[in-house]
């Protein structure tokens, strides 16, 4: 098992390397750099000026060298301009040239400098990730148990009234996008139109001081949307298990219905939805951007949109690295959990 | 709950039972007017082809017909109490406690995510409320009773860690956990190998005696029923057609269907040339298309219009026999002892020159010990070990052996789906063992073809039958134009005796036997000279088997095809093959003409195999040899002779020769070779396994 996890980590690193290189390559294409030069320097720069600007700041080095610098395996680019200004990959405003470190890459814990927020990327990412992580946690707490319960209740007696009503419910929730349900919730529960002023329509305060009142609506909006999907998967898996021969064996052994569901069917029925639940993590990480915007909750998705919209290369890279790791990590957990649930698969 | 009070009437009494399934379109009667009774300690067999309603009866007894099934008439009484009047609570108390069931597929009937011990312990814990410790002790005892090695380890394993035979023993153990009064066995051995089947059947018989359990034994195999049951009920299309004691039904059958059934199975004495099997004409009627009157009428030789199809036929008592009933109006008029009107006997085909020569063929697979990482040391699976034989024109060579013996691997190498590790395959003196199918020219591909085991999966469900055959013709490069190929396709349909109209049908509109005929037509599309038939009839019903086998033989006679007939069914092998090759764990243990292999001297494995095959003939006396244990894994074969772990003759070989050396192939007679260390004298002293008692 230990060896297995070690190997999986190796694969993860390799995947992360490849993926970041792809992102690095795409964000460092010339049109992007030109845009960067113009926003950083002067909007009315001529093509030659752009070229010099980029040249002076090390943006025209070979792609692999730049990637190595970003990773921190190659010394950072430094240059002193004609006007005496010290520039370079590792240069930070207010830091003397002598104090500037030689290497400043991801390996050194230096994620770069965000041009939008005028701050260290590392700090921004961890703060935004924290916000989203908190949101994700509560979404999962609400979404997974209720989805499983709905799915299992619906699947244990296929075609019953309970099944049909629960299935309809889950189809409706999956078919309603967050921006629709979110707006409806805000209209019903927060505005004076309906009059039910139970919750706050914005979650801005929740970043510092989350309470049930200001935090429940965004959680509910995301949870409902994701829930229908998991519930449908669970139901499908449950109905299949309930028609399996070993369930008949259990029934003809005289096992009572509740015991059949709990002891015989449940574990087998959870194998398929487990993978789906794990696939929800990446979606939650970036897909929540709509809800974050709707409730003005500045999380990871929001930061991503800012970075992409403002051509913030370093921030964009950091965010993609984090996303890649979250995806790979959840898949690792999903594989290990799968082994636990399904005894037919054993990893020695 | 305690068991129902002592009761000395019949354990199970089914009276005029009718069960229907309800679909949106119509009511489909699955079982009609079915009566049977099981006395204490009695074993009753329920025999019939697939779809005749025998499993529905079993589920009816268990009151587990699902949402669509319903009992529409008659009663099922268990120990005098009507099961259909019981509450869900009462039923639960009876299920698993008083009536237990053993299922067809052991793997599917065990919960894959639950340890075996837990699944067994559940039974007494539910029904008798015993403690965990006591339930565990009970489970241990029963697992020992079903003769499983190392019971404690068994209880602590998951079902997938056991072999098929072991799983079935666990299912039996589960059924016996609370010593039920009635045991229902639904085709309990169909998924198992013959030697394992023999061991399981013996176990069931012994345990039935030990616990005094009554049994309802459902099977399509008449031979198996003969070995296990006291009484027998033959079913056809939802009805019981004949009922009586084993001897009455086997020796004095009183229903045309029973008679036809016996004539269509290869019993010893049947021969493809002088005494061919007689297939039952026509097809099994669909449940909603049953004919008026006698269901068997349209396929019956004794059918009398205006009489047999005039009214529903009741059961008649056969006078003079004990509880012997038949559903035939004319049973007293038919001369049951009249000799079979012979279908025209055929000339034995002349066996031609050698077409295929296999020389020292070896096929090894390398299996990574740890599949997930690819690393670690590799294991070599020796799927085929030094295969050498020849096959001639118009000859049927049967390859016999149980699962894992390497017969399918050989077929794959011959077809070019795999390439050989060593040795050679010569097709007309051309080497083909290293040529994968992609590199073979159209002629070679067309010449070596295969008929597959399961006709249900081998046809493309979204293409018409004709199109599929034309497709094969295109691949084999037959015909120059579409019209020419279409003509050829129609001729092929004629060859396999399917109406030409079938060309435009979809596979789902065909019955199993018809699909297999299409499979045969496809195999012969490129004028195949060598056809590998991999268990071509084992997925078909008995009455259809005869017709398909017959067809294969007829095409062979006409086309002078070499037929490599892979099978585990020795009865059919004896019936149709010229030579037989017995394989065990990749080795050819015996090779000779059919007569040589089926009579002594035997290889010890052949002897056990012959003894394991159930024969549906009361006049046959069999020597009883039960092999202990399972077939060893090909991943980890025993040292020396592959069969030494289960061989009953091992003590007759001096020293530990069997454990040290693989025996050489010895010629015991012209064209007969055996791979065994036993001395000449001992081989000569062997007695025939099957004796037909003098009449």
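Backbone N, Cα and C atoms are what each Cβ position is placed from, and that goes for glycine too.
TrEMBL annotations: computationally assigned, not manually curated.
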Out of A:95-114, A:115-134, A:135-154, which range is noted as transmembrane segment by TrEMBL?
A:135-154
Before we move on, state whether the transmembrane segment (A:166-189) and the transmembrane segment (A:9-30) share at least 3 Cβ pairs under 8 Å, counting only pairs 6 or more apart in sequence.
no
Could you name the stretch, out of A:9-30, A:270-295, A:315-341, with the greatest number of CB pairs under 8 A to the transmembrane segment (A:135-154)?
A:270-295
Interface check, the transmembrane segment (A:9-30) with the transmembrane segment (A:270-295), three or more C-beta pairs under 8 A:
no
Go through the chain and flag residues at least 6 beyond the ends of the transmembrane segment (A:270-295) whose CB is under 8 A from any CB in it; none is fine as an answer.
132, 135-136, 139-140, 143-144, 147-148, 151, 177-179, 182-183, 186, 201-204, 217-218, 221-222, 226, 229-230, 233-234, 236-237, 301-302, 304-305, 323, 326-327, 330-331, 333-334, 337-338, 341-342
